[in-house]
Amino acid sequence: MIIKNVDPSTSIPYLWLPVFLYPEPTIMSQTIVVIELILYIICFYIVVVSLKIFVQVRMFHLNFIILAAPIFGIWCELIIGKLITMAYQLKIFSVRFEINQFYVLWTDDPDKMLIVDSFKGLELLIIAGFMEYHYMFSVVFGAVAVAIERICASVLIDNYESTNKIFITILLTIVLQILAILVSCLALFHKLDIITINATWIVSCIFSSIMFLLVERINEKWRAEMENPHWKRVYTISQRFQVKENIRALDLGKRLIFSEIGTISIIGLVIAALLLELVPPSLCHIAENALFLNPFGICTVAMFSIPAWKKRYKNSFPACCRLRSRNARVDVASMEPMEEFNKRISIETDMYFNQLNESWI
């Protein structure tokens, strides 16, 4: 929503917050908040499980892990912002105005803006808005950073796996956060319009997708050459490993990008319908929660991309496992205790990377 400060002495006349406050009855707001909190707790569990599996079952280079892991974990920042907004919706934080209408995400019409004479009492809401902006742009620019890291992995295929090359991750992270904070501040203080904001994520997603597809095509070509017995070029063990890792990482990256685009598309369609007044404001809850509940889709897509991750991810939900066991015939001989499985995966992973390091000696 757009907040307009009519105080003539202020240096900040407008604030644009990606938050929504609803003119709903108290009992309705409380019911919605309870339902949302239950869903957010489930999402938090999914995020923790996904992060644990992502870090423990090491399937990629350290640089890729450092860049990709925050895309999952930074969801907590988003939810903190949402919890602050909930407190304003339930009037836990008192303000000097009443929410007597629904304020759309963006508008040029002063009648559809929240008019105040001071930002006093709105400090936490402003922080919540910044946190939500920062999350969104961190994810969008994070996908670009991951694509660039995979380009580096392909260009430096001869020795990328032999060293950490942590400077690549540090540089990409610094640039990523500078951009995310800068664009978040510009959006918050209404220095960017809605077209510029949309263009930012659209261009970033297109760039990431093109880079993923191009690098994947190059690595697929290399893999075909490796499997061709008549090809004259000799590939080392480390190069073969790097190509296979690149293909796995690029496949994961594409899945995450498409999940991200799908989430943003749902949000955009609902918000566009709201701006055109084609649907009631209550449907904005759907657009909001398409963002806040994105771990249901993004984390699940990521975990199902790697077989070793998939098995551990499924086993992290005992209720679902019991339900599947009732509806399907289980081969008892193929089952193993969870601790034994985790230990075996860890040993195999360590052995794999130790063999890779030894190949450089």
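Glycine is treated like the rest: Cβ placed from N, Cα and C.
Where the annotation comes from TrEMBL, it is an automatic prediction and has not been curated.
Quick caveat, the model's predicted, so the values are computed rather than measured.
Among the features that TrEMBL reports, transmembrane segment is placed at 27-48 (among others). Residues 72-73, 75-76, 79, 82, 86, 89-90, 285, 289, 292-293, 295-296, 299-300 of the same chain, all 6+ positions outside the transmembrane segment (27-48), place their C-beta atoms under 8 angstroms from a C-beta of that stretch.
Taken from TrEMBL, the feature transmembrane segment covers 60-80 (among others). Outside the transmembrane segment (60-80), and at least 6 residues removed from its termini, the chain residues within Cβ reach (under 8 Å) are 40, 43-44, 47, 50-51, 54, 128, 131-132, 134-135, 138-139, 142-143, 145-146, 149-150, 152-153, 160-161, 164-166, 168-169, 172-173, 245, 248-249, 252, 256, 291-292, 294-295, 298-299, 302.
Sequence annotations record features per position, and here TrEMBL assigns transmembrane segment to 133-157 (among others). Long-range Cβ contacts of the transmembrane segment (133-157) within its own chain (Cβ-Cβ under 8 Å, at least 6 residues beyond either end) map to 18, 61, 63-64, 67-68, 70-71, 74-75, 77-78, 81, 165, 168-169, 172-173, 175-177, 179-181, 183-184, 187-188, 200-201, 204-205, 207-208, 211-212, 215, 218-219, 222, 239, 242-243, 245-246, 249-250, 253, 256-257, 260, 291.
Annotation source TrEMBL lists transmembrane segment at 166-189 (among others). Under 8 Å from some Cβ of the transmembrane segment (166-189) lie the Cβ atoms of residues 12, 14-18, 62-63, 66-67, 126, 129-130, 133-134, 137-138, 141-142, 144-145, 148-149, 152, 197, 200, all in the same chain and six or more residues away from its ends.
Residues or ranges marked as transmembrane segment in TrEMBL: 195-215 (among others). For the transmembrane segment (195-215), the residues of the chain that approach it from at least six positions outside its boundaries are 136-137, 140-141, 143-144, 146-148, 150-151, 154, 183, 187, 246, 250, 253-254, 257, 260-261, 264, 268, judged by C-beta separation under 8 angstroms.
Sequence annotations record features per position, and here TrEMBL assigns transmembrane segment to 256-279 (among others).
Among the features that TrEMBL reports, transmembrane segment is placed at 291-309 (among others).
Non-local neighbours of the transmembrane segment (256-279) in the same chain are 71, 104-107, 139-140, 143, 198, 201, 205, 208-209, 212, 286-288, 290-291, 294, 297-298, 301-302; each lies 6+ residues outside the stretch with a CB under 8 Å from one of its CB atoms. Within the same chain, residues 36, 39-40, 43, 46-47, 49-50, 53-54, 57, 59, 72, 75, 78-79, 82, 136, 248, 251-252, 255-256, 259-260, 262-263, 267, 345 sit at least 6 positions outside the transmembrane segment (291-309) and bring their C-beta atoms closer than 8 Å to a C-beta of that stretch.
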